[in-house]
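According to Swiss-Prot, the protein has these features:
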- 1-23: region 'Disordered' (REGION)
- 41-184: domain 'PH' (DOMAIN)
- His195, Cys206, Cys207, Cys217: Zn(2+) binding site (BINDING)
- 226-301: region 'Disordered' (REGION)
- 241-260: compositional bias 'Polar residues' (COMPBIAS)
- 291-301: compositional bias 'Polar residues' (COMPBIAS)
- 410-503: domain 'SH2' (DOMAIN)
- Leu532, Gly533, Ser534, Gly535, Gln536, Phe537, Gly538, Val539, Val540, Lys554: ATP binding site (BINDING)
- Asp647: active site, proton acceptor (ACT_SITE)
- Tyr677: phosphotyrosine (MOD_RES)
Amino acid sequence: MMGTKHRNSHVNGSIKSSSSLRSSSKSFQAKMDLMSERLYDVVKSGSMVKRAQNKKRFTPVNYKHRWFELTKRTFSYFDVENVERRRERGRIHLKGVRLVEEATVSGEGGDPFAPDGYPFQVGYCEISASANSHQLENGNGGGSGVGIEGQQSGRAVPQYTLYVIANSEKERSEWIRAIRQVCEDSNTPKSYRYHPGLWSGKKWSCCKGLSRTTFGCRAAAHWREANNNPSNGSSPAQNSTRSISPNSSTTNSQFSLQHNSSGSLGGGVGGGLGGGGSLGLGGGGGGGGSCTPTSLQPQSSLTTFKQSPTLLNGNGTLLDANMPGGIPTPGTPNSKAKDNSHFVKLVVALYPFKAIEGGDLSLEKNAEYEVIDDSQEHWWKVKDALGNVGYIPSNYVKPKALLGLERYEWYVGDMSRQRAESLLKQGDKEGCFVVRKSSTKGLYTLSLHTKVPQSHVKHYHIKQNARCEYYLSEKHCCETIPDLINYHRHNSGGLACRLKSSPCDRPVPPTAGLSHDKWEIHPMELMLMEELGSGQFGVVRRGKWRGSIDTAVKMMKEGTMSEDDFIEEAKVMTKLQHPNLVQLYGVCSKHRPIYIVTEYMKHGSLLNYLRRHEKTLIGNMGLLLDMCIQVSKGMTYLERHNYIHRDLAARNCLVGSENVVKVADFGLARYVLDDQYTSSGGTKFPIKWAPPEVLNYTRFSSKSDVWAYGVLMWEIFTCGKMPYGRLKNTEVVERVQRGIILEKPKSCAKEIYDVMKLCWSHGPEERPAFRVLMDQLALVAQTLTD
């Protein structure tokens, strides 16, 4: 007996070992497949922001930068750091994708935590990685279905929506097109209606529907059916769907099941859609049914897809995933859902715009316009109420669906606490106020200037109660922030004084170029005025383009730059646009000297501004830190677009109205012809802002810009002192190579100096990216100032 038991134990051990080896082999093979897929099968990749999907009920909503990769099988996302060994954070199998559409995550009723950007959504069902994809393709039924949790009849099959925020309109369009194309090639089933907004826990932000299962309020874009053959004389619907009579015993509602021609409904439908039914619905009967992925399609060819579930009633009947009780009975309100298949995109003008060039269209503030073509990032073709058509700057308008507080003069968006205080103190008016985004993400703050008991600015967090009402004092609650502001215009209600006026009209932002597709400017269009300064490249004068737009005109010295190369680059640089970058309008290249025409910044260079206002700035750590953050935002944009500045310093940043700081002259150093400027031995080279790899090998990168940014921070917190004092360049080079860094400025907090030291890490790979610096400094600002 003992021997038998021992032998059995030995055999069992062998079986376990064999099983373990097979499992290990499968795991290894899966890793190899993943590696192969990433190396050879990547269709598109890039960095974007991902919104948490909150599959678990009580997990918090957050947004994180991720590296996304689209292959022919999956849409995956990874940690953004450690490029060579990124850790995968999640993936969506494209067999499970049901829709890819633009989304609205911010604005009225949206997520106040949402970062700026261009969101889109990917609606999908969860599909397992290996065997289930085979089942999907071959229609093998059984068990729990196709990797989606098999459910007993009457229970829900989980469906999810991934929200991703792209960096530009163009990038979003490219991602949507790419994902749809791969899904089309794979014959994945589609959803026909969807919600463009978010479910807030109480209602949809888009249509205000009060049920999470409310029918989708917008028609999804049409996807071509890759397996349709127009030559056979039948319609796509005939090829791709099998209708089920509303009078049959199978269903009480009208719907179609979209399916793959190689699969059969079999026991899936005949047996009440059991475990082998379509999408793996059910769990008991119908084991031999098809597992071909299907999407519910009402006979109006409209369906929706969101995080709401696909349902089965107690009889095994399929119900519409997004409608309580299934497809609506004719005559009910839901049955009259409007078909928005021809969706009209409306925008509202935030600023006035005067059309000067032919083909452009003037904008009237607060007027609505219909978008005809938004394929270009910075100039859209629109139609006004009178039917006039032309191009307008896209940053002057906001989609009506996204329009929130931007329509109000008192809303200043991302303005910091320090800039708000500076702005409100300028007018010195009692009751002057602004509403801004709080440093605490997702909240808003009211900043109010009062003279009681003396002139100062008070800040009040706008809070929400359990009923989602807004208040400054719990005794006075309102449904919306505008209602709250209106109330406190007439009643102080616990504030230091009544709200009376906002400071002034918002400054009109610059456009990407002076007109649609215009980058070459004729010198006769410019009226040159006073000299603003001079530098390495020549004299800078103030100018006016066609007598209406203030500009700065850089008159380049002949022989100082590679002109032909720069002119080509200028075509691209006019399309770079960010609130913290000085806008390049265009060039005058048809005569010599060349003119470079840029946005005019009334307070001039940051270096001179710091030195002029040292007495008022040196003790205002919050305002100095805000300047650093603004520069980091502009540099984050350049970093994302693979632009290297090469000469980042306080002298190459400019200051405009409302203490706005912008980065100037980005990329210009690349076109300098002076050899001394690009060698470590010359006096003109910005050695005191250069890292070791630039001093030793002239090796520029985004990380060399990070080093220079650390020096710029030091300049800001010393109010324009020269780095390394009177040390000669050779002495500076020696110190940098030995790892000796600049000392902490007296007015600088330790937390801020710690960020500077990170920028001065000896190896470029050890320095943080600008987007990381931006987040770190924002956190420091919140800790030190709010």
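Glycine is no exception: its Cβ is also placed from the backbone N, Cα and C atoms.
Positions of the features from Swiss-Prot, shown on the structure.
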residue: Cys207; record: Zn(2+) binding site; Cβ contacts under 8 Å, 6 or more apart: His195, Gly197, Thr214, Cys217
residue: Leu532; record: ATP binding site; Cβ contacts under 8 Å, 6 or more apart: Val540, Arg541, Arg542, Ala552, Gly604
residue: Ser534; record: ATP binding site; Cβ contacts under 8 Å, 6 or more apart: Val540
Revision key, fill the gap. All chains considered, the count of other Cβ atoms within 10 Å of the Cβ of the residue listed as 'active site, proton acceptor' is 24
Revision key, fill the gap. All chains considered, the count of other Cβ atoms within 10 Å of the Cβ of His195 (Zn(2+) binding site) is 29
**Study point:** Cα-Cα distance linking Cys206 (Zn(2+) binding site) and Gly538 (ATP binding site), given in Å to the nearest integer
**Key:** 53
Revision key, fill the gap. Students should find that the Cα atoms of Cys206 (Zn(2+) binding site) and the residue listed as 'active site, proton acceptor' sit apart, in Å rounded to an integer, by 46
Revision key, fill the gap. Taking all protein chains shown into account, the Cβ-based neighbour count within 10 Å for Gly538 (ATP binding site) is 19
Practice item. Tally the residues of the domain 'SH2' (410-503) by DSSP class, grouping H, G and I as helix, E and B as strand, and everything else as coil. Key: 21 helix, 31 strand, 42 coil
Exercise for review: Using the centroid of the Cβ atoms of His195, Cys206, Cys207, Cys217 as reference, list every other same-chain residue with Cβ within 8 Å of it (recorded Zn(2+) site), in sequence order.
Suggested key: Pro196, Gly197, Trp204, Ser205, Lys208, Gly209, Thr214, Gly216, Arg218
Review point. What average pLDDT is reported by the model for the domain 'PH' (41-184)?
Key: 75
Review point. Per DSSP, to which secondary structure element type does Val540 (ATP binding site) belong, with helix, strand and coil as the options?
Key: strand
Exercise for review: Enter the number of other CB atoms within 10 angstroms of the CB of Cys206 (Zn(2+) binding site).
Suggested key: 22
Study note, to complete from the structure: Around the Cβ of Cys217 (Zn(2+) binding site), other Cβ atoms within 10 Å, all chains included, total 20
